[in-house]
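**Q** Please find one structure pasted underneath; my questions will follow.
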């Protein structure tokens, strides 16, 4: 339980109990197995684009033909080339909730994929810095539409037992794109032609091509369908993918009733102006505050330095050879993937607050030692000081992944009810892009100006993260989405929703009884 704010109240866990009693593995359920496989290219694949972009821009700084073609960008110009991606995303965020609700999860992802494909084409064909900057803006404009809806779609389609793991794998998928980008750039960086950077730039459209190709076979979110009064279609989706357990029919009927009742209650509470809900009441303000601080924390935990400016970090401890830099970037990216996937499978099994605190305390300790080692190299010019810096660059990854990578979208999907979910994730994306814009523009200037002393800023900031998580973050572990929908609103609202659930279930039973009686009379007449 969080220290600040009203105590969270969870609804009757009937649905959770049915899911926990289902011991059949997902891969033994044909429909659910197909669903999870199709969600790999259509939803998890969205993060391949993010990982590809960060890793590619990190690696291009060690590609001679790129730096020569763009006249050896200064620190401020280099920061702008990276920050333009975030600027495009910032411009997109106000339109995400309305677009998502109008088009649905699937079609919004498709729209975003088309925009990002255009951006990748412009980037690969850039003739000057201005064209390259424009392509970065277009790519950035498309990515938040895809991230918000893909992460929500994962949570809204997955079965209760696997939902936390599927949403945790979303961020872990970042490393797939990052590895491909780092490997591609490592393979092309010695080329003397501009294809050394144009080829990796062109390959950035591949993840979007996966979404465009496979989305036809991916179902729409049943919660979006219910919100559009297409309940029959929503029930069909739930019945197909969530009814393969021993009490599958009961689970689906109860889940459908909860979705209907929850969305009906949300309609009563939501504001006419799409963004007014951010400040609607204390419960909603708390949700959006948590989403906002999470966006900053996921980017201001020191990871921005590793994602975009590894070359400058390594130069501070005397590692300047371009091949060595490329090898370290590639190996660290592969290591990140190796530990991120098992962590994404394990972390959701534990309480969220415990994992976030482990993450923040661990990264604080690592950054402190990293700063001391970098200071020793700068003061004594001792090559041996580079070794602990390299070690802690690699040790940093699993601690960061425990919280901000594995649980960020899992937590956001659990924190918000359906009607506010896209807004909540959009607010998180807003602060992510502000943080990244700041990082990418300020980090290179700060590293050039004060060197290792800049790490002290992160050491202090991560302490702020630890205190904020401890005081503000509620526990959401081991509950379904509808059971968490009104955890801050109090028991009165939850009781009202529960009465509506029971009412829907009773109506279904009455209809089933009427249909059965009609069938019996028809059979008697025929006899």
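Glycine too: its Cβ is placed from the backbone N, Cα and C atoms.
Straight from TrEMBL, here's the annotation block:
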- 34-52: transmembrane segment (TRANSMEM)
- 39-477: domain 'Major facilitator superfamily (MFS) profile' (DOMAIN)
- 78-96: transmembrane segment (TRANSMEM)
- 108-126: transmembrane segment (TRANSMEM)
- 138-157: transmembrane segment (TRANSMEM)
- 169-189: transmembrane segment (TRANSMEM)
- 288-309: transmembrane segment (TRANSMEM)
- 329-347: transmembrane segment (TRANSMEM)
- 354-373: transmembrane segment (TRANSMEM)
- 385-412: transmembrane segment (TRANSMEM)
- 454-473: transmembrane segment (TRANSMEM)
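Give me the local environment of each listed feature.
**A** A Cβ distance under 8 Å defines the sequence-distant neighbours of the transmembrane segment (288-309), meaning residues of its chain 6+ beyond its ends; these are 54-55, 57-58, 61, 82, 278, 332, 360, 363, 367, 393, 396, 400, 404, 408, 411-412, 415-416, 423-425, 427-436, 439-440, 443-444, 447, 455, 458, 461-462, 465, 468, 472-474.
Residues of the same chain lying 6 or more positions beyond the ends of the transmembrane segment (329-347) and with a Cβ under 8 Å from any Cβ of it are 55, 58-59, 62, 165, 168-169, 171-172, 174-176, 178-179, 182-183, 186, 306, 310, 355, 393-394, 397-398, 401-403, 405-407.
Below 8 angstroms of C-beta separation, residues 297, 301-302, 317, 347, 385-386, 388-389, 392-393, 395-396, 399-404, 406-407, 452, 455-456, 458-459, 462-463, 465-466, 469-470, 473 of the same chain, each at least six residues beyond the ends of the transmembrane segment (354-373), sit close to that stretch.
Nonlocal intrachain contacts for the transmembrane segment (385-412), taken as residues 6+ away from its ends with a CB within less than 8 angstroms of a stretch CB, comprise 151, 154-155, 164, 167-168, 170-172, 174, 291, 294, 297-298, 301-303, 306, 313, 317-319, 328, 332, 335-336, 339-340, 343-344, 347-348, 352, 355-356, 358-360, 362-363, 366-367, 369-370, 373-374, 376-377, 421, 424-425, 428, 476.
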**Q** Please work out which recorded stretch in 34-52, 169-189, 454-473 has the most C-beta pairs separated by under 8 angstroms from the transmembrane segment (138-157)?
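**A** The stretch with the most contacts is 34-52.
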**Q** By Cβ distance under 8 Å, which residues at least 6 away from the ends of the transmembrane segment (169-189) in the same chain are close to it?
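**A** Same-chain residues near the transmembrane segment (169-189) but 6 or more away: 43-56, 58-60, 62-64, 150-151, 154, 195-197, 199-200, 203-204, 206-207, 322, 326-327, 329-330, 333-334, 336-337, 340-341, 343-345, 401, 405-406, 408-409.
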**Q** When the pLDDT values for the domain 'Major facilitator superfamily (MFS) profile' (39-477) are averaged, what is the result?
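**A** Residues in the domain 'Major facilitator superfamily (MFS) profile' (39-477) carry a mean pLDDT of 90 in this prediction.
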